[in-house]
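To keep things clear, I will list the structure first and then write my remarks on it.
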């Protein structure tokens, strides 16, 4: 019996190895395999948004002017969602709706699906980029895990919510004022601010801002070696060979302030990761629930009593009336295809009126 000792050798011109060597080469801007997804999708998403906000009207889908060409500014320009009649069509340029006509494709709202889908894959590509780089330099993948929070929010709001409704029409358009309109829509039709998942999202984002402010201030406060530079920011010298702040001093300070404090840096920084990411995940779950038209808190007993007793009113019943007003005033403008008309006498008014 013959035993061959040695290493299996591949063909020197193996295509995969050649691509891997080029993609993962050490350069100023890392490309990587994730870059094959990230860079094209990000380019098309951003380019599509600039094209839409600069040149494309929303007259045929929303009855609105939405581009710089029509007189909008940065706050009012948008890439608008397709009309409700197009339902969940991908609106491909070569599809049955546009039939290869670029102008018609833009008029139908094809740029919105183009930007939304390329944007989603671009964000996923950016997360994969963080995974790939972390693996290359032997880091843990927590940066990528943290970035899954914004991805979850984007996908739930721009893709899953309209998929649960009758069409892409009910997703947010890509613009500043358009997002504000969508927030009003969410409040009026879903009572979103009283949803516990929204509450967790707000607690996560604002809690993270508080944690960042406290953490940054504490580190600056406990510096014990500022370096020997003459300028005001000598503490920011990046060439110091070791840490120059005191965790022990910080622990003692916050123990006196709150009675409790983080005892080690790992738990502290994990908590700073956990709070915002969990908040974003929870808010994304809440939006998925809204896609299915699930209701959160409906205090029916208060509504019944308010209907029976003109003098009984709570902040909850006042908010319900506000939501009815939002629905009534938005529906006629926001859903022109329904030809909704609300006479003055049916618009909601508070008990005091």
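Note that Cβ sites are derived from N, Cα and C of the backbone, with glycine treated the same way.
Of the given residue ranges 187-207, 208-228, 229-249, Swiss-Prot assigns the label transmembrane segment to 208-228. Swiss-Prot assigns the feature transmembrane segment to one of the listed ranges (97-110, 111-124, 153-166, 167-180), namely 153-166.
Per Swiss-Prot, the stretch carrying the note transmembrane segment among 6-22, 23-39, 74-90, 125-141 is 125-141.
Between the alpha carbons (Cα) of residue 198 (chlorophyll a PD2 binding site) and residue 143 (pheophytin a binding site) lies a span of roughly 24 Å. Residues 81, 84, 87-88, 116, 119-120, 123, 172, 280, 283-285, 287-288, 290-293 of the same chain, all 6+ positions outside the transmembrane segment (153-166), place their C-beta atoms under 8 angstroms from a C-beta of that stretch. Of all the binding-site residues listed here (130, 143), the one with the fewest other CB atoms within 10 A of its own CB is 143. For residue 215 (Fe cation binding site), the spatially nearest entry among the binding-site residues 118, 130, 143, 262 is 262, judged by CA separation.
When the alpha carbons of residue 143 (pheophytin a binding site) and residue 118 (chlorophyll a ChlzD2 binding site) are compared, the span between them is 22 angstrom.
Rounded to a whole number, the C-alpha distance linking residue 262 (plastoquinone binding site) with residue 269 (Fe cation binding site) is 10 angstrom.
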